[in-house]
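A.B. asks: As listed in TrEMBL for this protein:
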DOMAIN    113-380  domain 'Lon N-terminal'
REGION    239-278  region 'Disordered'
COMPBIAS  244-253  compositional bias 'Basic residues'
COMPBIAS  254-276  compositional bias 'Basic and acidic residues'
BINDING   GLY533, PRO534, PRO535, GLY536, VAL537, GLY538, LYS539, THR540  ATP binding site
DOMAIN    769-955  domain 'Lon proteolytic'
ACT_SITE  SER862  active site
ACT_SITE  LYS904  active site
Amino acid sequence: MHIASVLVRNTALLNPSIRPSSQTVRNVTKIASYCKPAGNRFLNGHNLYGTRNARICSYNQGYASVKKVQNVRHYSKKANQEEEETADIKDDPPLFSSQLPATVAVPEVWPQVPVIAINRNPVFPRFIKLIEISNPALIDLIRRKVKLNQPYVGIFLRKKEDEKSDVVSSLDDLHDVGVFAQIHEMQDMDYKLRLVVMAHRRIKITGQFIEDEIETGPAEMKLKFPVFNVEFNVTREESDAERRRRKYRNTRRQRNDTDAEQEKEVQDTKDAKKPPPDQLMMVKVENMMHEKFQQNEEVKALTQEIIKTIRDIINMNPLYRESLHHMLAQGQRVVDDPVYLADLGAALTAAEPKDLQPVLEEMDIPKRLLLSLSLLKKEYELSKLQQKIGKEVEEKVKQQHRKYILHEQLKVIKKELGLEKDDKDAIGEKFRERLADKVVPPAVQTVIDEELNKLNFLESHSSEFNVTRCYLDWLTSLPWGVSSEENLKLEDAQVILHEDHYGMEDIKTRILEFIAVSQLKGSTQGKILCFHGPPGVGKTSIARSIARALNRKYFRFSVGGMTDVAEIKGHRRTYVGAMPGKLVQCLKKTNTENPLVLIDEVDKISKGVHGDPSSALLELLDPEQNSNFLDHYLDVPVDLSRVLFICTANVLDLIPEPLRDRMELIEMSGYVAEEKLAIAQQYLIPTARKNCGLTEEQINITPEALHTLIKSYCRESGVRNLQKHIEKIARKVAYKLVKKETSSLSVTDENLSELVGKPTFKHDRMYDVTPPGVVMGLAWTAMGGSTLYIETAVRNTMQGEKQSGSLELTGHLGDVMKESARIALTVARNYLKDRQPTNDFLNTSHLHLHVPEGATPKDGPSAGVTIATALLSLALQRPANTLAMTGELTLTGRVLPVGGIKEKIIAAKRVGVTCVILPEDNRRDFDDLPSFIREGIDVHFVSVYDDVFKIVFDGKV
């Protein structure tokens with residue numbers, strides 16, 4: 001009787017207008033007494049998870065879930081029918097509840113259903129599937145259908161598998177044949193719905209449904225329950241309970257009409273929930289009935305073959321056994337139902353959707369059985385192949401395990417008998433322990449394994465054994481996959497760089513940029529930086545500070561004078577005493593893959609009979625190639641892409657062009673007197689005091705003494721010579737303290753010469769006032785900037801010598817400077833002829849041009865303006881104003897830009913020159929200089945030589 005009451009009540013819930021008679025109730029009660037429980041459903045794991053093994057394990061869980069949902073009772077009548085209906089009006093259930101009425105029977109005809117599109121694994125009748133819906137419009141439609149006690153959907157396979165949406169835009173995107181499914185359980189998570197649906201029958205799409213009255217349901221339909229032999233004609237009529245509900249809702253709505261604005265917002269919300277017109281939400285469907293068939297010999301043979309194939313698959317894969325045994329042990333024999341057996345066979349396979357959809361569409365049962373059997377045969381062949389592969393792998397593992405056990409037994413027997421002559425196993429174990437915590441590349445691991453096997457077969461006293469052991473020692477000592485943790489905090493790096501060095505803002509900014517980029521990328525890639533500048537400006541020491549700021553290991557090697565390419569690329573293992581190159585030694589010493597490597601004096605590398613080391617550096621310093629650096633000794637690729645390379649050089653012209661192209665060049669200029677004073681006070685003096693064991697009370701060097709030391713003893717661009725003099729002073733003071741001649745000493749201008757000797761530079765410059773024919777120029781050298789005088793004079797001629805003019809050059813000038821002198825003579829002759837046509841001094845005189853300090857080589861394209869001015873000063877017999885100049889001339893008199901502006905300005909300030917002539921194109925270089933360097937300098941920018949002449953001679957010819 002309980003089943004009958006549930007049937008009657010749920011039938012009424014489908015449409016409140018249905019009023020079954022007492023005779024109908026008695027008939028249903030009688031039929032229900034013969035019915036079996038509705039829990040004979042089982043979960044289609046193939047459609048639930050998509051993979052064969054996972055789907056088989058989920059059958060029992062689905063069965064329990066469906067049985068639980070179907071046995072829930074959700075509605076019951078109270079004693080007073082009127083009170084129940086009033087309670088339904090006042091306390092309406094939630095709009096979207098996950099509790100569904102447990103419908104015992106499903107109507108046979110349902111003409112329109114919501115569409116759920118799936119990508120893979122079509123659902124077969126009498127199988128369950130878990131579906132998640134995220135489309136808002138479809139979610140709203142399902143909720144409304146469930147509220148109207150119409151928990152039915154149509155599930156169709158999408159033609160395009162790559163689409164991810166829950167709905168489609170047109171009927172062309174779906175296969176026509178699908179299944180009619182009932183929602184057994186619904187979990188509402190606001191942003192998506194999770195549905196457990198059971199497919200009941202095949203249906204076919206006949207057209208798109210125009211949603212005029214979705215919430216009211218179909219106006220007229222026929223509900224059939226064939227299992228109970230019951231049929232109802234359903235007509236949509238308003239019952240008394242509905243009329244009371246409608247009256248109550250109208251009254252409540254009238255009460256809220258005063259708030260027009262709120263009603264407008266509700267209407268807008270409803271409009272927003274309406275699905276867009278380009279989405280297919282509901283379709284008209286019709287049931288598809290399979291063709292009548294007879295249990296002839298063909299059908300029986302097909303069913304028996306399907307069952308046999310399923311049993312073979314079960315024997316191949318035991319995962320199927322328990323679940324299929326549970327399904328086949330239910331209330332009916334599967335053999336007696338070929339329709340269900342065909343669907344079961346197709347559902348068990350992991351076939352493609354294009355192969356499963358024809359099974360769903362086929363209405364001829366023998367053909368459907370044949371299609372299902374072909375899919376099962378493919379699955380059986382796949383299971384056989386899987387079993388074969390599994391056996392091969394298992395056999396291989398057994399052989400390896402057996403070999404390992406025999407080796408271990410042999411090792412123990414040899415040790416017990418004393419037959420072990422060498423300690424090869426201990427050596428091999430030591431090498432394997434080194435690689436335990438490292439990530440060795442496969443190519444390198446293969447070489448190591450081959451060498452270890454080779455080591456076991458060699459005699460310990462042979463030379464080949466020692467070579468192999470040394471080779472393995474190097475291979476296993478390298479830090480494969482080991483990196484030091486980097487410090488990518490800009491604040492910490494900035495503090496460290498400022499603590500160690502004064503100034504160098506360009507270099508510090510470049511390092512901070514490198515850290516910032518590494519922090520954003522999440523990984524660091526090595527760069528190749530080249531610091532070039534005069535000696536003693538801190539090129540080598542800044543590299544150590546960068547390593548400390550980045551928390552990288554530091555390694556330095558100098559290539560100055562290197563002539564053997566094996567120092568970089570390593571020796572071949574065939575040579576006696578062969579070793580890897582410097583980079584492999586660096587990785588072994590630092591034990592990290594990301595050290596900071598300083599290649600010092602890269603401009604002084606040499607070429608010898610053993611190759612060109614500068615060419616070997618091309619692969620090492622190329623960011624595109626050093627990820628697979630090949631050392632001659634190791635003969636395996638080594639990744640150097642994470643190494644930060646820093647090179648140092650004094651002169652860029654000595655570095656080969658291909659090598660220079662692979663590096664990022666950063667110039668480090670010399671220091672002015674103010675910078676040297678700050679460096680000495682902050683770094684040099686404390687370091688010298690600490691190295692000599694002195695305290696601040698025992699030695700005090702006054703700023704005046706430091707200024708004199710810088711001006712009269714240490715005029716070079718760097719501070720290395722200044723450091724030597726300060727250390728010399730510290731040693732003198734320590735000597736006096738030990739001899740107890742004094743307890744403390746203050747170094748001043750008066751006693752400075754007693755400690756460091758006589759001043760090296762007595763005068764600021766050679767000429768206080770330059771005579772005619774002498775002009776001060778500015779030059780850049782490897783030691784920094786310096787002043788350079790150009791001297792010209794007339795050479796007396798011998799009697800009888802021709803009076804045509806000539807030019808003699810002295811001072812160890814290079815080819816470039818000799819060409820500049822000839823060009824300057826031509827420009828000066830033409831300029832003098834234009835201004836004084838009668839003056840032929842430069843054409844007829846024998847001129848001698850000399851640059852002092854003749855033993856020092858001098859070459860460079862920056863003395864043309866100075867030479868031309870000296871020649872004109874000699875021809876006019878007029879001294880030039882007190883100034884210095886630099887620039888190169890063309891034959892037409894244009895002034896070309898030059899380099900080294902900072903060093904040249906520093907040299908001019910050092911000798912007390914306040915007026916400087918620079919080319920117009922170097923204005924930008926001068927503006928980039930710090931303000932304390934530009935202070936006190938009057939700079940004139942010129943573009944043609946006429947501007948130079950006017951400045952030097954005040955415009956007078």
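From the backbone N, Cα and C atoms, a Cβ is placed for every residue, glycine too.
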A.B. asks: May I have the list of same-chain residues other than GLY533, PRO534, PRO535, GLY536, VAL537, GLY538, LYS539, THR540 whose Cβ is within 8 Å of the Cβ centroid of the recorded ATP site, in sequence order?
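C.D. replies: Close Cβ neighbours, site residues excluded: PHE531, THR648, ASN650, MET668, SER717, GLY718, ARG720.
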A.B. asks: Just to confirm: which same-chain residues, 6+ apart in sequence, have a Cβ under 8 Å from the Cβ of LYS904 (active site)?
C.D. replies: LEU778, ALA779, TRP780, GLY785, ALA884, THR886, VAL916
A.B. asks: Would you mind checking how many other C-beta atoms are within 10 angstroms of the C-beta on GLY536 (ATP binding site)?
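C.D. replies: If we count other Cβ atoms within 10 Å of GLY536 (ATP binding site), we arrive at 21.
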A.B. asks: Do you know offhand how many angstrom separate GLY533 (ATP binding site) and SER862 (active site) by C-alpha?
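C.D. replies: With distance taken Cα to Cα, SER862 (active site) is 18 Å from GLY533 (ATP binding site).
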A.B. asks: Tell me the Cα distance separating SER862 (active site) from VAL537 (ATP binding site), rounded to the nearest angstrom.
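C.D. replies: For VAL537 (ATP binding site) versus SER862 (active site), the Cα atoms are 24 Å apart.
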A.B. asks: Select the most exposed residue of GLY533, PRO534, PRO535, GLY538, where exposure means the fewest other Cβ atoms within 10 Å, treating these as the binding-site residues.
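C.D. replies: If we count Cβ atoms within 10 Å for the binding-site residues GLY533, PRO534, PRO535, GLY538, the smallest count is at PRO535.
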A.B. asks: SER862 (active site) to PRO534 (ATP binding site): how many Å between their Cα atoms?
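C.D. replies: Between the alpha carbons of SER862 (active site) and PRO534 (ATP binding site) there are 18 Å.
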A.B. asks: Taking the Cβ of SER862 (active site) as centre, how many other Cβ atoms lie within 10 Å?
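C.D. replies: The answer is 25 other Cβ atoms.
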A.B. asks: Which one, from the binding-site residues VAL537, LYS539, THR540, has the smallest tally of other C-beta atoms lying within 10 Å of its C-beta?
C.D. replies: THR540
